[in-house]
Every structure is written in structure tokens, then in C-alpha cells.
Amino acid sequence: MRIDIVTIFPEYFDVLGVSLLGKARDQGLLEMRAHDLRQWTHDRHRTVDDTPYGGGAGMVMRPEPWGEALDALVPEGESPVLIVPSPAGERFTQAIARELAVEPHLLFACGRYEGIDQRVIDEARSRMRVREISLGDYVLNGGEVASAAMIEAIGRLVPGVIGNPESLTEESHEGGLLEYPSYTKPGSWRGRDVPPVLLSGNHAAIAAWRREQSLDRTRRIRPDLLPD
Ligand code: ADE
């Protein structure tokens with residue numbers, strides 16, 4: 001999978017060279033590149049923003065550098081998915097991560113300030129699939145952190161990125177419930193014992209206990225995930 005990111009802060013994406021995604025990049029499974037939007041400006045100050053038409057606080061990103069960036073990064077005849085992180089977008093979920101994990105090319109457009117001139121998104125829709133996506137119901141300073149989170153959630157679902165794909169099926173949000181708690185050695189630590197059922201060797205009992213823990217946790221913390 002190829003992932004292009006356009007941002008005025010490419011250094012935010014240095015983290016993509018670390019850990020599992022870094023390894024996937026080294027192996028050629030994920031081809032990730034962060035591009036500085038200012039390379040598509042032509043004035044001395046490398047301006048990317050301006051005041052909003054209609055007035056109001058803050059600045060809006062001008063369309064010209066974005067238009068040139070998309071022209072440069074989208075090969076003729078190709079239709080990548082353009083992802084525009086925005087608190088005004090649809091909410092990001094594991095289901096969306098799964099949908100995007102099968103795409104050959106994703107392009108993340110990280111807005112700053114009050115966002116990107118809407119014409120950039122409207123024009124892009126005429127030649128590629130566009131998804132405005134929110135990480136959650138809170139406001140970040142820009143799309144960089146949201147993009148990095150989405151890239152991690154999507155990238156780990158790309159075949160080969162995680163060594164043991166079974167570890168993907170049991171986690172929170174994959175089975176509709178939150179994940180059960182996990183334990184490792186030692187069996188007793190600071191007076192707290194590992195739940196005895198996990199040491200029993202009884203696989204059916206362990207599965208039943210884990211399911212009950214998942215249900216209990218989901219009821220307490222995320223009842224909205226349970227069917228009515
Ligand atoms: N940019 C600013 N806030 C955001 C959010 N909550 N999700 C995605 N992008 C954002």
C-alpha cells in the first residue's frame with residue numbers, strides 16, 4: 001500500500017519509521033511518504049493560508065498549493081482515496097480502517113488553522129474518492145495527529161504487517177465487544193493473583209470467562225456497543 005501525506009509539518013510523521021509500521025515500511029509492505037505542502041507554494045514567504053471570506057476568526061488554507069499537491073501526487077488515471085481529517089467529518093471506526101486497509105493508495109491531506117478551502121475537497125471529489133474523517137468528538141490543532149492515528153489503525157490491518165494475524169481477531173472493536181483483560185507471569189504480584197481459571201488448562205472455561213469479562217467491561221464502559 002502506498003500512503004502519501006501532505007502537511008506543513010512533515011516531521012510529525014517521523015513516528016512512522018518506528019516499531020511495527022517502521023518494519024513494514026522497511027519490508028516494502030507500506031510505502032509511506034510525508035510531503036511538505038510549502039513545496040507547492042511560489043511566493044517568497046511560502047504562504048499557505050489567508051483570512052476567511054465572510055469574516056471570522058482564524059485562517060483558512062488557500063486552495064492553490066493543495067491543488068498542485070494533489071496534481072503531483074495522483075498519477076493520471078488513478079483514483080486513490082483522499083482522506084481529509086476534520087472534526088466535521090464522519091467518525092473513524094475499526095470498520096472504516098478495514099475498508100481502507102484494502103486500498104492500494106491513500107492520500108492524507110492535513111489541514112491546519114480553520115481548515116482547507118472547501119473548493120479543494122469539492123474539486124478532488126470530481127476525480128477521486130474523498131472521505132472527511134474525524135478521529136473523535138474533540139478538536140485537535142490540525143490533521144497530523146489524526147492522520148498518524150488512522151495510518152497506524154489502517155496499516156496494521158494490511159496483510160503481512162502483523163506477524164500473527166490471529167492477534168487481530170480478538171481485540172477490542174473487532175468482535176463488537178471490548179477486549180477481555182490479559183495477564184502474564186508472575187502468577188502472583190504484589191499480593192494480586194492471576195485469575196485461577198487462566199491456569200486451569202480448561203480451554204472452554206477460559207473462553208467462557210473471557211467472554212463474560214468482555215461483556216462485563218462493555219456493559220460498564222461502552223454500553224452503546226451492545227445491541228438493544
Ligand atoms: N482536526 C482537528 N480536529 C480533528 C479531529 N477530531 N479529527 C480529525 N481531524 C481533526
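Glycine too: its Cβ is placed from the backbone N, Cα and C atoms.
All annotation found in TrEMBL is predicted automatically rather than curated by experts.
According to its DSSP assignment, Gly111 (S-adenosyl-L-methionine binding site) is coil. The Cβ of Gly111 (S-adenosyl-L-methionine binding site) has 26 neighbouring Cβ atoms from other residues within 10 Å, across all protein chains displayed. Residues or ranges marked as S-adenosyl-L-methionine binding site by TrEMBL: Gly111, Leu135, Gly136, Asp137, Tyr138, Val139, Leu140.
The feature domain 'tRNA methyltransferase TRMD/TRM10-type' is assigned by TrEMBL to 1-226.
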Looking only at the domain 'tRNA methyltransferase TRMD/TRM10-type' (1-226), report the model's average pLDDT.
96
With the Cβ under 6 Å from ligand 1 as the test, give me the qualifying entries from the binding-site residues Gly111, Leu135, Leu140.
Leu135, Leu140
Judged by the number of other CB atoms within 10 angstroms, which among Leu135, Val139, Leu140 is the least packed of the binding-site residues?
Val139
